[in-house]
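I have placed the structure first, in the form of structure tokens, so that the comments after it can refer back to it.
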């Protein structure tokens, strides 16, 4: 009996040592404002620059409604996740899949959450590799228009090399400086996008009609734009992992500072998304490109600056979305395969992951176009309705109560988004496939 007790103590100490080493649970001393800029970095991606284009495919009325509804629904589902972080007394659900396991059971919870979370996080990291490389290329072209053209692959390689260094930062708190810089940059290039558009004045012969000449084409474009909007609200996949870094006591549970940070982040999201989308579409109409910086063209120095800001932002964004992936792999290796927690193991895991995302980005520089299709399956559930289903299971609101109805409305909206967005995404892939070049 005594031996069993000492083994239990040793085991507990061993588990504690492992948790102190893993990226998500290693430090729990983050401030509320860490969650604010982590969430801004995760949420305000380079996808904000495609929102005027999405609005042009949705139209004024439906576009503004979809943007506003998405903002409200995802803020509500984010609140649910923050509230459910400590819904089980004495336990913190530090990872999205742990929340899924609490609702659906140990095995089913993993199978429901992990594949979707990985599609979003790995997919976003690859898109950020491509975006970072292409933004570097646009910066070079703006600064030196007469220079000899360099392949996109080389710029992606330059951008990717940075992450072989940054990936060694152990946890969320250690990347807080990178995340803060990224958050500031995302606000900066969003402001450049809409203020520069406003200064240009309304485009001559501006046209707000739908882009396609056929009804079928416009319907598919509408569905595709829904996928673009869903991609703009992908931050839910890292929210519990961010909350895990905040200290929690019975007097001051982690949900209070976390929610404070989320509110600040969502105000910033609104100040970035709505002006860029509305002003961009108002000025350029349906002639706006899928990246508003391309439509702006001049002044060169301003477009170059904005592209450089995008590069800095996606450096931070990559780190935020890759940290939960590192945690999943490192947890599996250390807890299940019994590897010893050490720096060498961390280096192997992270170099392999960065190398994989870099290779895919170079091989498929059109990956962003594919994400509209695949992302619809995972982005809509994880951000729009999976938290609502978990809430109905764990919190059990009274049937037909206000909370019950709100959750079901969010679920219906999210399921429609999950079904319709990939249909539009597939149309975009087929239409653009002739321009796709591997290793471009």
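Glycine is no exception: its Cβ is also placed from the backbone N, Cα and C atoms.
On a predicted model such as this, the values are computed, not experimentally measured, just so you know.
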Range among 108-131, 204-227 that TrEMBL annotates as transmembrane segment: 108-131
TrEMBL annotation of transmembrane segment - which of the ranges 231-255, 406-430 it falls on: 406-430
12-31, 32-51 - the one TrEMBL records as transmembrane segment: 32-51
Per Cβ pairs under 8 Å, the stretch of 108-131, 152-172, 178-199, 262-284 packing most closely against the transmembrane segment (32-51): 262-284
Leading stretch by Cβ pairs under 8 Å, where the reference is the transmembrane segment (262-284) and the options are 152-172, 178-199, 304-326, 347-367, 406-430: 178-199
